[in-house]
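K.L.:
Structure incoming, see below.
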């Protein structure tokens, strides 16, 4: 059980490569990643464009950034 498939972890594990935060306290952070067909599992407000495949963005406001999606796969 050491290998986890990339496709399941990409869509389900909350992660973000393009995260922006305000300088307020607490910070207001937004993930600007575009994902195909769905948002990550922790996303409460997911907006998808009506395209094939759908381009989805998570519009949640959090006070932190999720771990980077691409670094996840290499260092575990």
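Using N, Cα and C of the backbone, Cβ positions are placed for all residues, glycine too.
Straight out of Swiss-Prot:
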type	residues	note
DISULFID	15-69	disulfide bond
DISULFID	16-31	disulfide bond
DISULFID	19-65	disulfide bond
DISULFID	21-29	disulfide bond
DISULFID	39-46	disulfide bond
DISULFID	43-58	disulfide bond
DISULFID	48-56	disulfide bond
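Quick one: how deep are these features, and who are their neighbours?
P.N.:
In the three-state DSSP scheme, residue 15 (disulfide bond) is classed as coil.
A simple way to gauge crowding: the CB of residue 16 (disulfide bond) has 21 other CB atoms within 10 angstroms, across all the protein chains here.
Under the DSSP three-state reduction, residue 65 (disulfide bond) is assigned to coil, being neither helix nor strand.
A strand conformation is recorded for residue 21 (disulfide bond) in the three-state DSSP classification.
Within 10 Å of the C-beta of residue 39 (disulfide bond) there are 22 other C-beta atoms, taking all protein chains into account.
Using a 10 Å Cβ-Cβ cutoff, residue 43 (disulfide bond) registers 20 neighbours.
Counting only same-chain residues at least 6 apart in sequence, those with a Cβ under 8 Å from the Cβ of residue 48 (disulfide bond) are 37, 38, 54, 55, 56, 57.
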K.L.:
How far is it from residue 58 (disulfide bond) to residue 46 (disulfide bond), counting Cα to Cα, in Å?
P.N.:
4
K.L.:
Counting across all protein chains shown, how many other Cβ atoms sit within 10 Å of the Cβ of residue 31 (disulfide bond)?
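P.N.:
By my count, 26.
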